[in-house]
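**Q** I'd like to ask you about the structure that follows.
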Ligand SMILES: NC(=O)C1=CN([C@@H]2O[C@H](COP(=O)(O)OP(=O)(O)OC[C@H]3O[C@@H](n4cnc5c(N)ncnc54)[C@H](OP(=O)(O)O)[C@@H]3O)[C@@H](O)[C@H]2O)[C@@H](O)CC1
Ligand SMILES: Nc1ncnc2c1ncn2[C@@H]1O[C@H](COP(=O)(O)OP(=O)(O)O)[C@@H](O)[C@H]1O
Ligand SMILES: [K+]
């Protein structure tokens, strides 16, 4: 799904009107009907106070108000007084004539228990709202509030520091807006409302969901040689847990063989993994001479001087692609950015990224820097967090839709590294392996949270539920394909 900016949204809107031979009013009517369904499904016994602005966002609110009233649902509609209204807004004002519409005062008389529907402004806002809005927004804060398309006052594609509505759920049309992914904005929940807009090409900024379409189907005749070999290099004295988690994740990642190279103090790892230990006890000193198709380096390596030397040495001798660089490898490379190999996959969390590109004042600035770095160095950057962003060297950006805050526990990132390495080792092209691994990791986290709860789950539980996540993806793959190949495995899943 493309993530569109406001210019692209307008173009999509116009294109749809032309191709479908409809009026923009019809689109607003469609939007309101879909909103009605979503809102009454979520709040079947609610009564509503709708705050409408002068543009088409306000028009959506007016149309929704009419539909709620026609269904006999208690609804008050307030309209902001304005010297100018959009055409469709005016048409909807007329259609509401038989019902009373109140003037939106600075502090309107809202029913005490109603659910607020915010239809003041959508993506058409040119600049942030003035502080005169603060009083109203504070008045509705603390009440259940649903925003139409965007919380009013929030700018769709940039950082907003001026007042905006704090909504519990944002019902957004067609696609999520970039502003929803910035933690600064605190958008806790959004639901995408499909209003049948036409697709205008494949954008370079996409929301990841249909990753099952990327799955390969291994042959019945596959053997451990054909399923690929993954090598994980990492660990140091006092930091051996990370390599343990990464190894277990790689063992659940579908590749044929998982090899590990660590210092002498590397603990016992699952017996399926082939472990080699360095002559040095505390940190890796030597360059491993292990044959493997895909390598991940950095997991719990530490920042000792010798460890740093070893890493830089590895980079000069290891086959460069596919190469996953995580954790301490990133911290070491932050000091030697010229040594970041072209084609490498870097998996920083925001702080690790900051060490490489410098600190940023906002997520938007950080995303811009990540995009530039990926293009300049010809590398892949997986910037982890809620809605992990994957930056490609060609400028493409994918935003992950799976995962939850239950995964915000130490070790979750190590599991991602192990999983990605195993997927890459199987021969998936990088363009497919990264979205597949990132989404799958989040999906396993979602199943863990559903089963165990967000609070109690820990990173290891992502591993426990990886098998369920794989099965769910495989099932989706065979149910969405028009002519599914019916291998024994697929028949069993269906
Ligand atoms: N394609 C889709 O996805 C569909 C979108 N739809 C809906 O349309 C919405 C977009 O509608 P929109 O373009 O009319 O803009 P909207 O957000 O209502 O605001 C415009 C009004 O705000 C005013 N204004 C601007 N800046 C201001 C400021 N700083 N301070 C104060 N005022 C300011 C501006 O004034 P003007 O710039 O004209 O002077 C104008 O009056 C979208 O979010 C969705 O809800 C659906 O109906 C169906 C399909
Ligand atoms: N709030 C969240 N929502 C979704 N995923 C999250 C959230 N917090 C963390 N994660 C995921 O958990 C992982 C954390 O990685 P990282 O910060 O490297 O942890 P660690 O270094 O402890 O392994 C990332 O994959 C990230 O996307
Ligand atoms: K709104």
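Keep in mind that glycine also has a Cβ here, set from the backbone N, Cα and C atoms.
Unlike curated entries, TrEMBL annotations are predicted automatically.
Small disclaimer: the values here were computed from a predicted structure and weren't measured.
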**Q** Pick the one from 5, 56, 57, 216 that TrEMBL also lists for the K(+) site with 118, 152.
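**A** TrEMBL lists 118, 152 binding K(+), and from 5, 56, 57, 216 it also lists 57.
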**Q** Among 358, 411, 413, 418, find me the residue TrEMBL lists at the same AMP site as 384, 385, 386, 387, 388.
**A** 413
**Q** Tell me, if you would, which residue among 58, 385, 413 (binding-site residues) has the fewest other CB atoms within 10 Å in the structure shown?
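**A** It is 385 that, of the binding-site residues 58, 385, 413, has the fewest other Cβ atoms within 10 Å.
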**Q** Taking the domain 'YjeF N-terminal' (9-203) alone, what is its mean pLDDT?
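**A** So the average pLDDT across the domain 'YjeF N-terminal' (9-203) works out to 96.
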**Q** Between residue 242 ((6S)-NADPHX binding site) and residue 413 (AMP binding site), how many Å separate their Cα atoms?
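**A** For residue 242 ((6S)-NADPHX binding site) versus residue 413 (AMP binding site), the Cα atoms are 9 Å apart.
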**Q** I'd like to know which of the binding-site residues 56, 57, 60, 118, 349 sit within 10 A of residue 413 (AMP binding site) at the Cα level.
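**A** Of everything listed, what lies within 10 Å of residue 413 (AMP binding site) (Cα to Cα) is 349.
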**Q** Distance between residue 387 (AMP binding site) and residue 56 ((6S)-NADPHX binding site) at the Cα atoms, whole Å?
**A** 29
